[in-house]
Amino acid sequence: SPSTAGPVLIPDESPVLPECPAALPETLQMIHPMTTDSWKTLIEQIGLLYQEYRDKSTLREIETRRLQDAQTDPEECSASEETPLEAEPTNTAESRTPPQISLLRNSTSRFNLWQDLPEIRSSGVLNILQPDEIKLQEAMFELVTSEASYYKSLNLLVSHFMENERLKKILHPSEAHILFSNVLDVMAVSERFLLDLEQRVEENIVISDVCDIVYQHTVNHFSVYVTYVSNQTYQERAYKQLLQDKTAFREVISQLEMDPKCKGLPFSSFLILPFQRITRLKLLVQNILKKVEEKSEKETTALEAHKELETVVKACNEGVRKMSRTEQMISIQKKLEFKIKSVPIISHSRWLLKQGELQQMNGPKTSRTLRTKKLFREIYLFLFNDLLVLCRQIPGDKYQVFDSAPRGLLRVEELEDQGQSLANVFILRLLENTDDREVSYMLKASSQSEMKRWMISLAPNRRTKFVSFTSRLLDCPQVQCVHPYVAQQPDELSLDLADVLNILDKTDDGWIFGERLHDQERGWFPTSMGEEILNPKIRSQNLKECFRVHKSDDSQRRKLGSRHRQ
C-alpha cells in the first residue's frame, strides 16, 4: 500500500546530462512504483500503430484549439485543454469542417491517459497534484507511450516487410539497402530509448522527468536518424522504380499491405516513420517545456533536450535538401547558355529558391504605351539563395542568360492602381548587374499571388503585410493547419496537421505567406489548408509559449549581436 512503500531512489545518471531529475515533492516520494508487469501489460495494450497514434494526437490538438478559440475566458481555455476525445464540440467548432474527425470518435482505439491508469486512480495521487502538474504528467506520459507505438510500427516494418523471404528473393542486396537504409540501427536506438523511458516510469507512477533521458539519447544515439533521413530522396526514387520495373515486387508489397497487421496503411507510410518521429519528438518536448515551472531544473533540462533535438532535426532537413539540391544544380547548369560573361552556377553553398516565367515590359518606363502591339515579352528567372540569373528561353529546353546580379543587390517595388493591363506589375532593380551598373526591369506576373511570391523571394528583407515572430509582438494573425500540405515549389512550405503559423502576408487569390511557430520556417501555402485562429488571447498564448521554447535561441542571438557591435 502507499503507506508502506519506501521512497523511490533515482539512479545516478550519465555525466553528459545537463541535470539529474529534480527530486519529487516529499508527499509524492511515498507513492509506490508501478510494477514491471503492470507497465508491460499497458505497453502491449497500445493497439495503435504510430501512424494512427500521430493522426489521433494531432487531430486532438486541432480540436482542443478549436474549442479554446471558441471561448473568451482564458480560464475556460485552460480548463478545456484536457477535453475528453468524445466531448461534443461547441457550435462554433461544429461550423468548421474537421478533417477525418471520425478518428477522434473511435472509442476502440482511445489514447492511454496517465490519469486513467488503475494505479493512479487507486493511489490518491490525483487529489495531491495540482491541475498543472497533472497536465505535465500527461505530456511526459504521451512521449513515452508514443515511443512505444513508434517502436511497434518500426518492428512491423522490419519483421513484416524487410525480413519477408519472398521480398528478399526479389530484391538485389543493393536495392534492399537503398530501400531500408539503416532502419535496424534506428530500431535498436528506439528500443534502447524506450527501455530507459520504461525504467523511469516503473520507478514511480508519478514521473519525475523524461527530458534528461531524451537529452542523453539525442546527444549519444540519434545521429542514426540523420543517416536514415538523408537517404530519403534515393529511397523514394528506388521505391517508385521498383514498383514500375518489377511486377513481382509490386504484387508482394500489395499482398503484405493487405495483411490486417498493417491496418490498411501503405508500405510508404512505414518508410517515412523515422523522419516523422524525430520531428514529432521535438514537438512533444516543446509541449513538456510549456508545462514545466519557469526557471526550474526541469525547464533547464527540457530546454537542453529541445536544443539538441532541434540540431538533429535541422541536420535531417539539410541531409534531404543537400541530396536533391546537388542534382538540381547540375541539371540547371546544363540548360544555361551565356550571352554574357559566364557565371559558375554550381557551388556547395548555393541552391535554387524559385524559377519561372514572367513578362518583361518592352522599352523604357517613360515611353510605355498600351497601343504597342507587343507590350510585354517573356523572360525566365532562376533565383538562387545568393544570385539572380535572367534568361530568355531558346529551343531545345535551353535558356540564354543575358543578365545577372547578387541577390543582396536586388530591390523591388510594386506598381499600384495602373489599370488592368498593368495589374500584377512590379519593378525589379539590380543595383549592380553583370556590367557593374544599375538597371531596372518592369515585370508582370500571371496573378497577384505570383507577383507577391516573386517580390518576397527577390527581396526577403522587404517588409511584409504583418510582422514576423522575431518582432516579439504579442499578437499577429494566425492559422492552424487542418489539412496537410506538401510543397510543390521551393518557396512553398510543407505543412503537418496542427501546425500553427503566423500570417506574414496573404493574397486575394488564395495564398498565405506564413511563418511556422515551432521552427520559424517560412513559405507559401494555399489558404484552404489552414483555419484562422480568431481568439486574440489564444494567439497571444501561442506566441508566449513559442518565445519561452526558443528562450535559449534568443540569449544566443543577443550574445552574437553584442559581439558584432563590439
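Cβ atoms here come from the backbone N, Cα and C positions, even for glycine.
The compositional bias 'Acidic residues' annotation in TrEMBL covers 72-85. Sequence annotations record features per position, and here TrEMBL assigns compositional bias 'Polar residues' to 89-98. TrEMBL lists 135-319 with the feature domain 'DH'. Feature annotation from TrEMBL assigns domain 'PH' to 351-463. As annotated by TrEMBL, domain 'SH3' applies to 474-535. TrEMBL lists 66-98 with the feature region 'Disordered'.
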Model confidence over the domain 'PH' (351-463), averaged pLDDT: 87
Three-state composition of the domain 'PH' (351-463), taking helix and strand from DSSP: 20 helix, 53 strand, 40 coil
Tally of DSSP helical, extended and coil residues in the domain 'SH3' (474-535): 3 helix, 29 strand, 30 coil
